[in-house]
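Engineer: Here it is, the structure in full.
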Amino acid sequence: MINISFPDGSIKQFAKNITAYEVANAISMSLAKAAMVAEINGELQDLSIVIDNDCKLRILTAQDPECLEIIRHDAAHLTAEAVKELFPETQVTIGPAIENGYYYDFARDKPFTTDDLAVIEAKMQELSQKNEQVTRELWDRDKAVEFFKSIGEHYKAEIIASIPAGEPITLYRQGNFIDLCRGPHAPSTGVVKHFKLMKVAGAYWRGDSRNEMLQRIYGTAWATKEQLDSYLLMLEEAEKRDHRKLGRELDLFHFQEEAQGMVFWHDKGWSIYNTIEQYIRKKIRKNGYTEVKTPVLVDKSLWEASGHWEKFRDDMFALETDDKTLALKPMNCPCHVQIFKQGIKSYRDLPLRMSEFGLCHRNEASGALHGLMRVRSLVQDDAHIFCAAEQITDETVSFCKLLTEVYKDFGFTDIKVKFSDRPEIRAGSNEVWDKAENALKEAVEQAGFNYTLNPGEGAFYGPKLEFVLTDAIGRQWQCGTLQMDFVLPERLDASYVAASGEKKRPVMLHRAILGSLERFIGILIEEYAGRFPLWLAPVQVAIATITSDLNDYALEVQKALIDNGVRTDFNISPDKINYKIREFSNQKIPMIAVIGKQEQENKQVAIRRLGTTDQEVLSVEQLIAVVKEENEKYL
């Protein structure tokens, strides 16, 4: 007999060589019917797994969050099975679960069409309703390679041949379809009920542009119809808010082929950019940061010394000149260390908080570029805090408070923190890591945050905090970071004189709140759906006259607004007033100042706020005061 421990603390005895499914059935038939996979000693396994030793067991159903990835992986296999039935000449390659769904890559001469997706999805529904049994099989490596070659699946044969010797070769069979997979999977295809195929894209085999192009089908799958419908509704809303679409409509920016991944900022977009920079500059000055500016083009010797050349060479833009190799900086940190090293630093100078709106360049693959979210030229709201080890907690608490203030000002209050601790391969002793991790944990707790742990995901040079925002339609965006670094000060020979008179290495805290300004503006465009708050809007007040004989007064109003720092636009054309209001509303301008005969006589304006039909009559001085008060809260 073996002892099996359950999540409720109970321990029950079972005969040896019992399966997880049989245990579930012994507990209740309803649990066995709903069961998808088993968690045995913390590891997910198929329900068919034979248990022959004492263990901890948890039976998982579709209600458990861990099963969402199982459902999506099952859906990927179901997609491949449907494709093979409909298009037998197609070769299958890989199909993992990803965030919010899955994909499967196929090799075929003819691209899939939108009509093909509809047919494939219908076939998937049919196969799901068949509720085919899914079974796991252990194969000999050579036989598996020969088998897949014999059925024309050369990509699968190549994958199996590349698996390290000694690793088991497991295949999963459902109906007439068989696939290489580690698993686990649900016991039958019927668990995949709520899914949709989304799109087709190209993808290189093994992600290498030198290899052949494959056809990638993206899909989404969920545990319930309500979850699927909610996700599709969110995508529909996200499409309306797409920053690339709104960027064109609101005349904020554009991209073009001659400068891939580089933003052409238009007047209104550049206004938003500069306003955000002005806002951040005010915040960091109040929090004791200095601001610096470092070169964009730096000799590769610095990047070699810092370690970036070895790790990021392929992502850097480099050029040869005067027998030297120069590189556009992909990040600011090595340059900030150079400033820190100018002159002798004492413990009294610490902490030293050094910020920069640093222009960086990264050679992103053209296929990875995505509007403002993924660019090749970017400016980070970057800062580095040089401090002593005993100052880490206080500096982290201070940063967390600053970050919270900034996010709140932009309307983000749902902030999640991820804590990445020591990886297996790392610099520094366990004692150093213990102190560093404890300092960050203590700081996060003092700042009032809960955190989730990403075990082993820290950089080799220190633990890391990531700050994730949730937007208006439920999407999550990782923006802020705080990365501790023991290594770069050592590599670049940065030091300070301690109170004892000895030289010590400072700890370096890499930190950003927005990340890149480009990406954060993209997030804001989608968060606000283009309706920027008054202080941030590129045009704060638009002036519209009812008749042309009021134009002189309108120009007087505009001059008064501009003289007081209000960003304005105006329309004094002969067009009808309703047309003018509609046009300004479509441009999502927060305040429209309508001027009629009465407003001219009383030196007033009739204010209509975006999204309302109500009008508020204000003097020009009152209007200026309203906008100024809003601006002064932030700028």
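Using N, Cα and C of the backbone, Cβ positions are placed for all residues, glycine too.
Feature list, courtesy of Swiss-Prot:
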{"type": "BINDING", "residues": "Cys333, His384, His510", "note": "Zn(2+) binding site"}
{"type": "DOMAIN", "residues": "1-61", "note": "domain 'TGS'"}
{"type": "REGION", "residues": "242-533", "note": "region 'Catalytic'"}
Engineer: Tell me the residue counts in helix, strand and coil for the domain 'TGS' (1-61), as DSSP assigns them.
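Structural biologist: Tallied per class, the domain 'TGS' (1-61) gives 14 helix, 28 strand, 19 coil.
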Engineer: By a simple count of other Cβ atoms within 10 Å, which of His384, His510, the binding-site residues in the record, is least packed?
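Structural biologist: Across His384, His510, these binding-site residues, the one with fewest Cβ atoms within 10 Å is His510.
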Engineer: Whose Cβ lies within 8 Å of the mean position of the Cβ atoms of Cys333, His384, His510, the Zn(2+) site, other than those residues?
Structural biologist: Met331, Asn332, His336, Asp382, Ala383, Gln483, Asp485, Leu488, Met508, Leu509, Arg511
Engineer: So how many other Cβ atoms are close to Cys333 (Zn(2+) binding site), meaning within 10 Å of its Cβ?
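Structural biologist: The answer is 21 other Cβ atoms.
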Engineer: Which three-state DSSP class does His384 (Zn(2+) binding site) fall into?
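Structural biologist: Assignment for His384 (Zn(2+) binding site) reads strand.
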Engineer: For the domain 'TGS' (1-61), provide the mean pLDDT of the predicted model.
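Structural biologist: The answer is 95, the mean pLDDT of the model over that range.
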Engineer: According to DSSP, which kind of secondary structure is His510 (Zn(2+) binding site) found in, if we only use helix, strand and coil?
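Structural biologist: Once the DSSP labels are grouped into three classes, His510 (Zn(2+) binding site) ends up as strand.
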